[in-house]
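Look at TrEMBL and you will find GLU70, GLU95, ASP122, ASP144 tagged as S-adenosyl-L-methionine binding site. Summarising the annotation, TrEMBL assigns substrate binding site to LYS148, ASP180, THR218, ARG219, TYR220, GLU221. What TrEMBL lists as region 'Interaction with RNA' is 150-155.
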Amino acid sequence: MTDKTKREGQPFERRPLIYGRAKGKALSRRQQQLFETLLPQVAFPLRTSASDPAIDPHTVFPGLEAIHLEVGFGGGEHLVARARANPRTGFIGCEPFMNGVAKVLAAIDEEDLPNIRVHHGDARDVLDSLTDASLDRAYVLYPDPWPKARHNKRRFIGPDTLASLARVIRPGGILEVASDIPDYIRWTLAETRRDGHFLWTANSKAEWETAPQDWPGTRYEAKAIREGRTPCYLEFIRAA
């Protein structure tokens, strides 16, 4: 399956889909208004052709000290909490699911969070648009596990996206991956080892089963814990 939709400002390459549905329940009138009025103001700019120059995110967040990217922010709990707690950091949040984007737009509007930019779509669009070594940290939290073997190639963590992440995360920067699916954890460790650009920092089981001290959590994570699943938290350093 390929992504045949094309939103304004979307890059030029057609790729296999790595996410499921893009819309759930109908948006409220206010949410629709935020899509029409606020999203154009806070949308992260993208390259639309191979001849376009890459985008330095520091020009989008002038004066801020660091740039973080969240891939698939879901309901936005983690993204908004991070932005609220770190006003000197710029956050790029990517999410194809319309209802999740609506929640983040509402938070930006209600809490006045100028350090968030949103891409309503595939995170690979943003990765393809960024300049080299321009991110300090990237989060891939509870990605779709695509559990069937024939769908494994749709998993976000894979050779192509790891190569893109290695290009845009600066040496010494951080890649954080969280999942409650043991097979996805094993997959991530195998793929990052094969890629060679990311060094796993954990020294013990307790480290990867314990959330970082500043971890704000997500609604999905809380549900997984209630249902008896154990989240794992993998932190990788981008090798020099």
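Cβ atoms here come from the backbone N, Cα and C positions, even for glycine.
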Euclidean distance between Cα atoms of GLU95 (S-adenosyl-L-methionine binding site) and THR218 (substrate binding site), Å: 15
Cα separation, GLU95 (S-adenosyl-L-methionine binding site) to ASP180 (substrate binding site) (Å, whole number): 20
THR218 (substrate binding site) in three-state DSSP notation: coil
Other CB atoms within 10 A, centred on GLU95 (S-adenosyl-L-methionine binding site): 27
DSSP-derived structure type at GLU70 (S-adenosyl-L-methionine binding site), helix or strand or else coil: strand
Mean per-residue pLDDT computed across the region 'Interaction with RNA' (150-155): 84
Whole-number Å value for how far ARG219 (substrate binding site) lies from ASP144 (S-adenosyl-L-methionine binding site) (Cα to Cα): 15
Distance in Å spanning the most remote Cα pair of GLU70, GLU95, ASP122, ASP144, given for S-adenosyl-L-methionine: 14
Least Cβ-crowded entry, counting other Cβ within 10 Å, from the binding-site residues listed as ASP180, GLU221: ASP180
All-chain count of other Cβ atoms within 10 Å of THR218 (substrate binding site): 21
Least buried by Cβ count (within 10 Å) of the binding-site residues ASP122, ASP144: ASP144
Between GLU95 (S-adenosyl-L-methionine binding site) and TYR220 (substrate binding site), the C-alpha gap once rounded to whole angstrom: 15
